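Undergrad: Below are the structure tokens for one structure; questions will follow.
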Amino acid sequence: MRAIIAGTGGYLPERVLGNDQLAAEYGLDTSDEWIRGRTGIRQRHLAARGETASSMGAAAARQALEQAGIAVDEVDAIIVATTTPDSAFPSTAARVQAAIGARPGLAFDLSAACTGFIYALGMAESLMRSGAARCVLVIGTEIYSRIVDWTDRSTCVLFGDGAGAVVLRASDEEQERGLLSWHLHADGRHADILQVEGGAGSTGGAGLLRMSGREVFRHAVSKLAAVVDQALQANALDRSAVNWLVPHQANLRIIDAMGRKLGLPPERVVVTVDRHANTSAASIPLALAEAARDGRIKQGDLVLMEAIGGGLTWGAALARF
Ligand code: ACO
């Protein structure tokens, strides 16, 4: 059995805010020069009042199904990677299921912060291998504008809202295509360097994101390099086999470092962080959808995905489109 990536989709809220606009609107002591120089971010999309993780996720899912040419009643499982769910329960996945009119089946949310989409790919493939599902919607959807501290310039400038989705279809014939392998890690000893304080089960805190950027940066470079090597070695592939790097979009400096490590020219690295900022679990499926739609990623291409986020969690996945 191979989990084939049959379609991709994305959704971005209509409202776009450039760096200078953001600084002015939120009264932040920052500048386009600082944000762009440290992160590569030029602008971000911000959700409207009525939008939620499930409404954005449903929009991305519909587009992925349409692109795959798969009818909604073929979907038998939905996994939503999110750390900004509509509510503690029902899950965002159950809400998406109802919103797109999928038949009752398996649906659940998964929390692995910015690594959520890679985790969800791995869990989807496991479900498919076990025989529990043949067609899985894997969605990453986030509204970080609701959990950032808009008075903390060191974090609020980094994030944006959006959703991305892929449809995985089980195939017993196509052995060359599909998800080749996934590699997941977590180390909870580093929980406090990137976290959302508070929440329904906590004893305090305001439910806002806190990050020691420099610490996260240090872990990012070494852990992502190691997990990328792990993915290539597991498939006995040389880095030259990789056609596209589709990294989590947190910071252009980290993305560039990973591209250099793989010896990939910049045009083989899919970058959206400049326009989307960091959309956490949505960033990889949004980047996949963009590069598939504009014809960069073609059938047969080998795509390497990698991410690191709160937990700490980190991981990589290799797929042949
Ligand atoms: N505008 C202007 N100045 C700022 C801003 C801002 N928006 N933010 C911070 N500064 C100042 C700081 O106050 C500090 O000033 P000081 O030297 O006078 O104290 C100075 O800039 C340097 O701050 P640092 O935090 O050390 O800046 P750094 O070079 O580390 O860049 C950044 C910060 C961009 C956050 C970087 O550390 C980074 O990208 N880290 C990785 C983040 C990441 O990858 N996260 C991934 C996962 S996210 C998730 O899982 C949800």
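Just so it is clear, glycine is given a Cβ too, placed from its N, Cα and C backbone atoms.
Bear in mind that the values here come from a model prediction, so they are computed numbers and not experimental data.
Residues or ranges marked as active site in TrEMBL: Cys114, His248, Asn278. As annotated by TrEMBL, domain 'Beta-ketoacyl-[acyl-carrier-protein] synthase III N-terminal' applies to 108-188. For 232-320, the entry in TrEMBL reads domain 'Beta-ketoacyl-[acyl-carrier-protein] synthase III C-terminal'. Here TrEMBL flags 249-253 as region 'ACP-binding'.
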Undergrad: I'd like the Cβ neighbour count for Asn278 (active site), meaning other Cβ atoms within 10 Å of its Cβ, all protein chains included.
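TA: So the number of other Cβ atoms within 10 Å of Asn278 (active site) is 23.
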Undergrad: How many Å separate the Cα atoms of His248 (active site) and Cys114 (active site)?
TA: 7
Undergrad: Helix, strand or coil: which one is His248 (active site) in, per DSSP?
TA: coil
Undergrad: Return the residues near Cys114 (active site), defined as same-chain residues 6+ apart in sequence whose C-beta is under 8 angstroms from its C-beta, sorted by sequence, else 'none'.
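TA: Within the chain, Cys114 (active site) has Cβ neighbours under 8 Å at His248, Ala250, Asn278, Ser280, Ala281, Ser283, Ala307, Ile308, Gly309, Gly310, Thr313.
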Undergrad: Grab the pLDDT values for the region 'ACP-binding' (249-253) and give me their mean, rounded.
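TA: In the predicted model, the region 'ACP-binding' (249-253) has a mean pLDDT of 97.
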